[in-house]
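Chemist: Here you go, one structure.
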Ligand SMILES: NC(=O)c1ccc[n+]([C@@H]2O[C@H](COP(=O)([O-])OP(=O)(O)OC[C@H]3O[C@@H](n4cnc5c(N)ncnc54)[C@H](O)[C@@H]3O)[C@@H](O)[C@H]2O)c1
Ligand SMILES: CC(C)[C@H](C(=O)O)[C@@H](O)C(=O)O
């Protein structure tokens, strides 16, 4: 019997639609001949939509998206500094709103250096770790404001929100992730020497949850030191758990270490299943290369593979990863147009079964 998966697709702006087109082609090829059918609905949201209609995320559309089994998201955002987008706040009003409202508290960002891929590092060693970034709190969720803007007496505040509930649920998810991997190692990253309040709450919760996972080796790093170790010896890491802002920064660094931001995939996971999880490349809309078929769709394709895993279709997710791995192994230094990379991955898909 065919299982139908309702998929909301938000291609977004810039290179978003270009990379999502390839991810969709790979998904269709990977699922062909199987017992799963995708029922897609496309939502045109992002900076382009805002410029056309003034909408960011209308309530009815958000409610319609919530009715799906999963979301495949490209990237949103216009050209930085575009005056027409000054008050749009697409990133907060659309992307972050979906992450917050749909309780995407585990933002999972794997970093693997695939064979044949050149890292930014001279001697990368074994690179195979995953960052579990808290997705609904931290400075991203806090209010703030500006007093007397534009005057010499201007004051800006940015508040960081850290709840015991929010920390515990992502820390538990990270321990479960570490448990499922062979190395059984978890590094929690913060800045407890300066952010003493939030740091103390994180520390208390990590220690409490760690007691339930005696087989996991736990260590701690300040975020600044973590950037050093990530560059000097990324093999130290297996699972990293950290707050929203530190996770954002560390995962762009991880992207560079893993062969470039065009390869970095992510899943915004709602582990409780109360809302659809959302899968997206880590990169943005890249206005500098948009419309030129220069974008690497691999990050979007690997994000689609994470989506297959999340939907319980791990064998298909593995086939997509195997195809990407095979393509990367033979890709060499030559750059290829976006669609050609999609073609190559499809050509490398292992037979089902
Ligand atoms: N998830 C998202 O939707 C998301 C993430 C990051 C940034 N943004 C937004 O995107 C816009 C541009 O942001 P930015 O320039 O800081 O970051 P970006 O990730 O869009 O681009 C950074 C650099 O990486 C390159 N790059 C990105 N993706 C690539 C790919 N798939 N293949 C090859 N090269 C790639 C770009 O050409 C650029 O040189 C901004 O409006 C920003 O807010 C959105
Ligand atoms: C665009 C922005 C809001 C987003 C973030 O900061 O989370 C991006 O940088 C990311 O990493 O997905």
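Heads up, residue numbers simply count up from 1 along the chain you see.
Placed from the backbone N, Cα and C atoms, the Cβ positions cover glycine too.
According to TrEMBL, the domain 'Isopropylmalate dehydrogenase-like' annotation covers 6-345. What TrEMBL lists as substrate binding site is 99, 109, 133, 224. The site 'Important for catalysis' feature in TrEMBL is assigned to 140, 191. If you look up TrEMBL, you'll see 224, 248, 252 marked as Mg(2+) binding site. What TrEMBL lists as NAD(+) binding site is 284, 285, 286, 287, 288, 289, 290, 291, 292, 293, 294, 295, 296.
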Chemist: Within its own chain, what residues at least 6 apart in sequence put their Cβ under 8 Å from the Cβ of residue 99 (substrate binding site), listed in sequence order?
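Modeler: Same-chain residues close to residue 99 (substrate binding site) (Cβ under 8 Å, separated by 6 or more) are 107, 135, 136, 268, 278.
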Chemist: Between the Cα atoms of residue 224 (substrate binding site) and residue 286 (NAD(+) binding site), what distance do you get, rounded to the nearest Å?
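Modeler: Pair distance, Cα basis, whole Å: 27 Å.
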Chemist: Restricting attention to the domain 'Isopropylmalate dehydrogenase-like' (6-345), give the mean pLDDT.
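Modeler: Across the residues of the domain 'Isopropylmalate dehydrogenase-like' (6-345) the model's pLDDT averages 96 on the 0 to 100 scale.
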Chemist: Could you check which of the recorded positions 109, 191, 288, 292 have their CB within less than 6 A of ligand 2?
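Modeler: The recorded positions passing the 6 Å Cβ test: none.
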Chemist: Which residues, same chain and not among 224, 248, 252, have a CB within 8 angstroms of the centroid of the CB atoms at the recorded Mg(2+) site?
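Modeler: My list of surrounding residues reads 223, 227, 245, 246, 247, 249, 250, 251, 253.
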Chemist: Would you identify the secondary structure of residue 248 (Mg(2+) binding site) according to DSSP, in three states?
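Modeler: Once the DSSP labels are grouped into three classes, residue 248 (Mg(2+) binding site) ends up as helix.
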Chemist: For ligand 1, pick out the recorded positions 109, 140, 224, 252, 290 that have a CB under 6 angstroms away from one of its atoms.
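Modeler: Once distances to ligand 1 are taken from each Cβ, none falls under 6 Å.
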Chemist: Can you grab the distance from residue 296 (NAD(+) binding site) over to residue 140 (site 'Important for catalysis')? Cα atoms, rounded to a whole Å.
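Modeler: That separation, Cα to Cα, works out to 28 Å.
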Chemist: Between the Cα atoms of residue 290 (NAD(+) binding site) and residue 109 (substrate binding site), what distance do you get, rounded to the nearest Å?
Modeler: 24
Chemist: If you pair up every Cα among 284, 285, 286, 287, 288, 289, 290, 291, 292, 293, 294, 295, 296, the residues annotated as binding NAD(+), what's the maximum separation in angstrom, rounded to an integer?
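Modeler: Comparing all Cα pairs, the maximum is 15 Å.
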